[in-house]
Amino acid sequence: MIRDFHIAKREEDIGYYAGYVGSAFMFGRALTSVLWGMIADRYGRKPVIIFGTVSVVIFNTLFGLSTSFWMAISMRFLLGSLCGILGPMRAYASEVCRKEYQALGMSIISTSWGIGLVIGPALGGFLAQPAEKFPNIFSSDCLFGRFPYLLPCLLISIFSVGVLVVCCFLPETIHNHKGNDEECNDSDALVATTFESTSSQKSLLKNWPLISSIIAYCVFQLHDMAYAEIFSLWAVSPRKNGGLSFSTAEVGEVLAFSGFGLLLFQLFIYPVAERNFGPVMVSRLGAVLTIPLLSSYPFIAFLKGLMLMLLINCASILKNVLSVSITTGLFLLQNRSVTQQQRGAANGISMSAMSLFKAIGPAAGGSLFSWAQKRQSAFFLPGDQMVFFLLNMIEVIGLFLTFKPFLALPDDSIS
């Protein structure tokens with residue numbers, strides 16, 4: 001898409017501009033997630049969820065209709081700013097589940113995000129530029145020929161319309177009851193809610209098990225977003241620059257297989273591993289295994305044919321499985337660090353910090369990739385070897401943060 005905007009003067013600069021488009025969504029969400037959390041606490045989870053889904057339908061479609069780099073950035077930023085559903089959905093998941101199933105409900109939310117992060121780019125890879133891939137179905141003069149990236153966006157928007165219909169039937173979990181003998185006006189209620197929210201946040205900021213797990217969580221999210229940006233850029237880059245020379249359809253196939261493998265792992269393997277080893281140990285093992293895996297990526301690029309497809313699919317599946325294992329483990333730790341009454345505010349703090357790091361991830365990953373493409377003949381870690389080395393350094397920092405004395409485990413009475 002960035003290539004077709006003709007904003008990059010050289011092919012090596014495409015990753016730089018692509019990173020900013022990827023970051024725009026997360027930057028918008030970082031600015032408004034606390035506000036959407038307060039609205040959800042005041043007026044209910046359901047209105048925020050419905051409004052956020054409507055914003056997906058509108059701005060995701062407009063993104064597919066983008067004709068310039070700045071229009072694409074604007075649509076992603078507006079979508080991130082107006083779609084504040086993730087925090088309220090986390091709170092909703094804990095409120096509709098019985099106490100013994102709250103951890104499972106929370107893990108389903110993070111698992112859904114991980115699967116969507118894989119399936120979304122896969123759809124883009126399969127359906128982008130349909131007039132070139134399916135000339136017998138789409139002509140170059142039709143709507144999808146003039147807007148080559150509209151089809152995947154439109155398909156997701158149509159799916160979102162179906163989600164919107166389902167959301168209308170969701171039961172509300174926030175109920176405001178007024179007694180017969182006392183009257184309370186809206187301004188007094190809002191002041192009381194704001195005071196309680198401020199007091200809760202002050203106490204949560206002193207909760208080191210929560211804050212330490214959020215910091216570790218943010219570092220791993222920075223790594224995951226940078227990797228997601230870099231992987232697609234690396235896969236489509238030419239072999240002379242250390243890439244795989246994949247088409248967007250081939251990238252889509254790899255990501256689709258990764259999504260299927262991730263779904264099977266989360267349904268059948270992760271619950272057993274978490275029950276036997278605990279969320280912290282699972283996160284540590286995921287971080288440790290990620291380091292040698294990423295170190296192998298530059299050498300996988302030397303392969304061709306069936307062996308290349310086999311290994312890159314296995315590596316992609318394993319990488320996404322390890323990433324979601326780390327994320328889910330730390331996410332469970334966050335929610336076990338606070339009481340049920342504090343989980344809404346805790347999720348608001350986590351969302352703000354996480355969105356900021358996720359905003360940095362794509363821009364940093366795209367810029368890093370563009371810089372590495374220009375140093376193919378360097379003596380120390382030439383080209384993409386430097387990219388995956390620096391990704392591993394972020395992983396090492398995250399791994400360090402999962403050990404004491406930095407990471408404090410919650411008391412059993414709280415969890």
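Cβ coordinates are placed from backbone N, Cα and C, and glycine is handled just like the others.
Per TrEMBL, these features apply:
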type	residues	note
DOMAIN	1-410	domain 'Major facilitator superfamily (MFS) profile'
TRANSMEM	14-36	transmembrane segment
TRANSMEM	48-67	transmembrane segment
TRANSMEM	104-127	transmembrane segment
TRANSMEM	147-170	transmembrane segment
TRANSMEM	210-234	transmembrane segment
TRANSMEM	254-273	transmembrane segment
TRANSMEM	285-303	transmembrane segment
TRANSMEM	309-333	transmembrane segment
TRANSMEM	345-365	transmembrane segment
TRANSMEM	385-403	transmembrane segment
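Using a cut-off of 8 Å between Cβ atoms, the transmembrane segment (147-170) and the transmembrane segment (48-67) share at least three residue pairs, counting only pairs 6 or more apart in sequence.
Tertiary neighbourhood of the transmembrane segment (385-403): same-chain residues 212, 215-216, 219-220, 222-223, 226-227, 230, 234, 242, 280, 283-284, 287-288, 290-291, 294-295, 297-298, 326, 330, 368-369, 372, 375, 378, selected by CB-CB distance under 8 Å and a gap of 6+ residues from either end. Note: the stretches the transmembrane segment (254-273) and the transmembrane segment (309-333) are in contact (3+ CB pairs below 8 A, sequence gap of 6 or more). Only residues 6 or more beyond the boundaries of the transmembrane segment (210-234), in the same chain, are considered here, and those with a CB under 8 A from a CB of the stretch are 14-15, 18-19, 22, 26, 117, 121, 125, 204, 242-244, 251, 283, 287, 294, 297, 316, 319, 323, 326-327, 330-331, 333-334, 337-338, 346, 349-350, 353-354, 356-358, 360-362, 364-366, 368-369, 384, 387, 391, 394-395, 397-398, 401-402, 406-408, 410.
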